[in-house]
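Presented below is the structure to which this report refers.
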């Protein structure tokens, strides 16, 4: 909306003869005033007046004309524009004028609710979101005393979907862990990881767990297995919260089956076992609300907000209870909190709009106080920086049935109970910060105390018998070190413990580390983790040495600059290739086999360019020759050969010898090129497909320490046995190598003729 349109609408609203009121100025910091009264403008409030915003009424006002739909539409557009631009105080005045001309509906206040919610500072949500009313003091005290002696649960042991204690933890192939029942809720096709957003069907298919009979067009049933290590550890460290989490899921099931009283009993027992769990209080509040015990529902919602100030559902259920009890102002504020936490939630927006409409239906005194509360929100909004931080979306993933909003029932009871309050309307009591509860009843529990009952032996890999390093949980629920699991899969595509088939894990070779276990070890076993990491880094450093213990592939002849595709199927070479990639060298040696020594004395270093894995664990490696070497000492490591080596290079010549070498180089190149072009077309195509085209002639044949590339290409395609080619690899004289190639080409040409 441009300035001209705004000016026209302001002018039009003035012509309507409305009873314009000025909003009270915000209080100066440090001043205090009675409810509905400003210290700077005490004359702005008249006890018997009907001014909703506490402003002074003009002495004379024109009689209101019958508004037309166009006039009301202009006023609504003007109010929405002011609210969108951040001028909430002016927008509230225009909304009030509009309410005097027509009966507002909830949908017309959507923009106002959105802007009011945006004006709620994040600091207020964190520290001012769970006020302690007198009716809830006893419940807070009781919960605080119980929570003060309860063990504090590490945040890593909480499900990131329901934000409660992990119950039957299932670790997905992406590395994230959730409650089993949380993953099983909802339509199978829509289930996703709450952290990375990957569909569960894709994760299960990648891990081979989505199996079983199914109808045409239906997704495969998900087979979720509990993480054995994590489940046992949670049961050992936190037996109370673990049992409470099970009771919570049982209570949710009973609630869905409309056995509300039985569900309440389950939750009462769960709260006794885990008084620190905000989710228990939040869900029990919903149960109380269903049983029409609204005071108890408010009690539990207050405690849930206290334990988790940024929890959406706790605030929503608190607002739900307040609205039913007729506390319109407090309910509106809580609904605004909800919209601020999750602006996309339609229920929260519609309830906030409806509560805004309910303000005029209450007493004049309450309406004035509520309007002043909205005005204070507007003042705080205008003092904020325009580029506010992104809101943190905090939707607990509990069952939608347990979180359903009985809107009509709530509104009906609220209207019946909305009455004039005789006492003076004061501000809500100051809300205590999160650290005051439950610590106000005693010292906050030490996180290390419950976790001190386990040691590194609880987190040992069953394969290497050492502390987990880069732990990976298989779809069958067992956990191993990443390197240990990969080595086992080289030999057999089954879980080392339960023998469950893990065939689908092989093609991608992408393993995600278990986030919870990795953070747990790094946080609570720092010294053991540091030592384990040191051992791993020493192993990697040793494997990356390209002079000592260099991995040797005993197979065929390889030459510098010449491609060498390999088919890898033996377990020892699977491990060797993977280590070459992991260390970053991507290099290994290639030697011919020897019946006496194991492999010959000379070979060539190959560099891995690409690897393609197959579903059965085999792979095709695209490699190319780099440098020649001589074996000094042979050895073995984990089933494959190794060697200490030294690299060899051609000896350079100068002067007349260099000129003679240049002439010989050009002559042999022309001879090799003529021989290649004389071959049959089918044979030439096979050579080109396997080795590529013949390299160009070098201007300086000695620029490369291994000699010209075309020499090695020619040796690779010549019809010679590997044993006959080996001496060329060991030669350190380019002249001798060129003379040898010339003699072979001459011999082949004579035989062809």
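Cβ atoms here come from the backbone N, Cα and C positions, even for glycine.
The following features are taken from Swiss-Prot:
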REGION    17-57  region 'Disordered'
REPEAT    72-105  repeat 'TPR 1'
ZN_FING   159-197  zinc finger
REPEAT    244-277  repeat 'TPR 2'
REPEAT    279-311  repeat 'TPR 3'
REPEAT    313-345  repeat 'TPR 4'
REGION    351-450  region 'Disordered'
COMPBIAS  363-382  compositional bias 'Low complexity'
COMPBIAS  386-413  compositional bias 'Basic and acidic residues'
ZN_FING   461-499  zinc finger
DOMAIN    540-749  domain 'Lon N-terminal'
Rounded mean pLDDT for the residues that make up the zinc finger (159-197): 82
Three-state composition of the repeat 'TPR 2' (244-277), taking helix and strand from DSSP: 27 helix, 0 strand, 7 coil
Residue distribution over DSSP helix, strand and coil in the repeat 'TPR 4' (313-345): 26 helix, 0 strand, 7 coil
Counts by DSSP class (helix H/G/I, strand E/B, coil) across the zinc finger (159-197): 8 helix, 8 strand, 23 coil
Helix-strand-coil residue split for the zinc finger (461-499), DSSP-based: 10 helix, 8 strand, 21 coil
Three-state composition of the repeat 'TPR 3' (279-311), taking helix and strand from DSSP: 26 helix, 0 strand, 7 coil
